[in-house]
C-alpha cells in the first residue's frame, strides 16, 4: 500500500447594462457606433490590466499545483521507479506510452510499436492509437525528442510541467468566460480565486497527473469561453467566423484527449437543444455548433483509425436527428402558446425516436458493443432493475461513481461559493422561465416589447447557455461524483458572473422596487470586492501552511516488487493480476500484461473478469487453465484485494465475483436465494497453504507484506 509520510530532513437578446459596448453604442438600424475617445482608452486599459491579471493567475495556479505535487511526494528526490509508481492505475498506463516513445530508437519505430502493440494485452496485437486517447503522449514525446532540452530537463518533468502548464490555460479560460458574461474582469478574478481555494473539489491534477480529464478539461473550458463569445449579439461576420474556428479547434482537442468526450458533448448538445427549442439562442449559431461537434468527433474518429465507439456515439446520432427534425418541422417557432407547445412536444419526441433509431442502426451495422457496460451501469444506477453483471457492479461499488457526498457542499459553502451560486441560479432560473414562457406565447413581439420595456425580464443568449450548462452538468455531478470537476469549475464562473453582473442585480432590485442605475453599479463592484477580501483573509494562511508542509512518497513493497520483476524475470514474461497494479508493472518493467485499466473494450472486460478468478472460489486447475489461455507466466496476488476491507460486504471484489459465479458471499449477511455454496475454497487464500493440488500448478517465487508472486507451470 502507498502511504505519504512526513519527510525526513534530507433570445431576449437585448444586451444588458453591464455591456455598454453592445447596447448604448448600437444604432436603431443595427450599426455599431464608435466609442468616445475617453471610453475607448479606458476600455483598452481595462483589457490590458484584466489580461495581465488573467495570465498572472494562470501561471500562479500552475506553480501552486506543481509545488503541492513536489511537496507531497518529494518528487525531485525519489528514485525513477518511485516516480513511476506514483502514477497510479490508468495514469501509469498512459504515461508508459510516452516513455515507450521516448525510448524508441526513432519516432517511426515508436509509432510502429503503438500501432502494432503486443505487450499491453498478451496473445493479442492491438492498435493503441485506435483504442486509447494517447495522441497527447505521442505529440509530447516527439516534441521532447526534437527540442534541444534533453540535457536540461528529464522526460518526466517535461511531461508533468506540460500538464501543470495546461492548468494555466484552464484558469485563464474560466477567467475569460466569467469576464465575457459579466463585462468586468473583476468577475474573472473572483472565479479564479474560487477555483484555487476550492481546489479539492475543482481539480485533482496534482496527484493524478496523466488522467485524460486533466488534458481535456482545459480545452473544454476554452471551448465554453469561445461559445460564450459567439453567443454575444452584434458580432461582426469576421469575428463570428474566427470564433467558430476557435470553437472547432477546442472541440477537436477536447475530443482527442478524453475517451468520455462524447458523453460530455452530448450534455452540451442537450443544453443547446433546450435553449433553441425555447427560442433563447440564435438558431443559425446553434446549427453551427451542432456541425462543429459532429465534424470534430469525426476527425478524431479518423485519427483513431475509425474507432467504432465514436461512430456509434449517441452524440452523433442526436445531432443528426436534431438537424433532420428541424428540416421536417420548418414552422416550429410560429403560432400561439398552445400551438407552439404542441409542436415542441412533437419535435422532442421526433428527435428522441430518430436518435434511438439511428444509434441502433449504426451499432447493428458495426456490431458495436464497446460501450454496453456504461449503459448497464446507468440502468442499474438509476434503479431500472438489479444486476449481477460484473462490469456494472464494479462501477457501482466504486465511490467515484457514486452520488456526490454531502460534505462537498459544506466545503464549497465555506468559501461562500455555493451560497452565491444558489442565489444566482435561483434568480436566473426565474428569469429564464419568464423569458421562455414569453417566447413560446409570442409575447415578445415588438409592440408588446415597447409597452413593457421597463418591466420586461431579459436573459442574454450567453447567460442563458451558461445557466442550462451549469444545471445539466450539476445533475451529472450529483449523480456521479467523478464528474463533479466539470460542474464545480463552471460553478466558479457562474457564481462570479452573477455577483458581478449588473443584469442580475438590476433584476433583483427591480423586484424589490429599489432599482437605480447608481445603486446597481455600487453593488456590482462592492460585493465581489468584499467576497475577495473574505476569501483572502480566511484562506491565505491555510494555503501558506499547505505549501510549507513537506511529505515524502513511501511505498517500499511496490518498489521491491518492481525491482524484483526487472531483475528476476525475462523481458518477455507475461504477468496477470489486478488492472491497477499491472499498469504500474508495464510502466516500471516493460513486461507484457494480460489486462489493464482502460476498460472501453468488450474483449478486455471479459478477459479481466476471467483473470480476476484468482480472487474467486475456483479450483487451482481452473485458475491455471484460465491464466495459461492468456499466456500468463506469473500471477501477482494482492492481500489488499484478497482480504479487502475498504468496501462493505457486497461490494468487495471477491463478493462481486462470487455473485457473478452464482456463489454465496463470505461473512454474515443475506444472500440471494438462488446463490449456492462453492465446492472450492477461495483461491487467493488457499494457494498460500502450499497444498499439492496448488503447488503442481503454481510455485511461489516472490513474497512481501503486500504481494505474492507465483510462477505458472507450463504443462497442459
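Glycine residues also receive a Cβ, built from the backbone N, Cα and C atoms like all the rest.
As given in TrEMBL:
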- 1-10: compositional bias 'Basic residues' (COMPBIAS)
- 1-34: region 'Disordered' (REGION)
- 41-66: transmembrane segment (TRANSMEM)
- 156-181: transmembrane segment (TRANSMEM)
- 215-231: transmembrane segment (TRANSMEM)
- 243-260: transmembrane segment (TRANSMEM)
- 296-324: transmembrane segment (TRANSMEM)
- 344-362: transmembrane segment (TRANSMEM)
- 416-437: transmembrane segment (TRANSMEM)
- 485-505: transmembrane segment (TRANSMEM)
- 525-543: transmembrane segment (TRANSMEM)
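When Cβ-Cβ distances below 8 Å are used as the criterion, the transmembrane segment (296-324) is approached by residues 127, 129-131, 133, 135, 248, 251-252, 254-256, 259, 261-263, 265-266, 269-270, 273, 287, 290, 350-352, 354-356, 358-359, 362-363, 366, 368, 370-371, 600 of the same chain, each at least six residues removed from its ends. Here the listed stretches are 156-181, 215-231, 344-362, 525-543, and the one with the most C-beta pairs under 8 angstroms to the transmembrane segment (485-505) is 156-181.
Highest Cβ contact count with the transmembrane segment (416-437) among the listed stretches 41-66, 215-231, 344-362, 525-543 falls to 525-543 (criterion: pairs under 8 Å). With a threshold of 8 Å between CB atoms, the same-chain residues lying at least 6 positions outside the transmembrane segment (215-231) that come near it are 136, 163, 166-167, 169-170, 173-174, 176-177, 180-181, 240, 243-244, 246-247, 250-251, 253-254, 257-258, 261, 264, 281-282, 285, 289, 460-462, 465-466, 469, 485-486, 489-490.
Counting residues 6+ beyond its ends, the transmembrane segment (525-543) has Cβ neighbours under 8 Å at 64, 184, 186-187, 189-190, 193-194, 196-197, 414-416, 420, 496, 499-500 in the same chain.
Panel annotation: around the transmembrane segment (41-66), residues 21, 35, 160-161, 164-165, 167-172, 175-176, 179, 185, 188-189, 192-193, 195-196, 199, 203, 205-206, 543, 547 of the same chain, lying at least six beyond its termini, place a Cβ under 8 Å from a Cβ of the stretch.
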